[in-house]
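**Q** So TrEMBL lists the following for this protein:
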- 70-84: compositional bias 'Basic and acidic residues' (COMPBIAS)
- 63-90: region 'Disordered' (REGION)
- 12-29: transmembrane segment (TRANSMEM)
- 35-55: transmembrane segment (TRANSMEM)
Amino acid sequence: DFDGQYRAERMFQVIILLFGIVGFIWGYICEQFSQTVYILLAGFTLSCVLTLPPWPMFRRKPLKWQKARPTAEDSKDATSQDKQKSKKKK
């Protein structure tokens, strides 16, 4: 559903932003850019685990789809199948 997609996207953005800020600060304190990258990768991994699978928390408001309308080809197929069934019965 669209609400769940919005929440997943928002959660992804917040996690990446927080880990990016913390990683930058920690990397600046340690004077190691690799620490920043590791922390950012950890945030990316966490956000992927939380947002990519179809968790129930993202499927609270399912969409109600309309039934498919029959097309001209469907009606032709249905009439030919009905004719074949009536021939088999005789």
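Glycine residues also receive a Cβ, built from the backbone N, Cα and C atoms like all the rest.
Describe the structural context of each listed feature in the structure shown, including burial, neighbouring residues and relevant distances.
**A** Long-range contacts of the transmembrane segment (12-29) within its own chain (CB-CB distance under 8 A, at least 6 residues past either end) are made by residues 35-40, 42-44, 46-47, 50-51.
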**Q** Checking distant contacts: for the transmembrane segment (35-55), what same-chain residues at least six beyond its ends satisfy Cβ-Cβ under 8 A?
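**A** Apart from its flanks, the transmembrane segment (35-55) reaches 8-9, 11-12, 15-16, 18-20, 22-24, 26-28.
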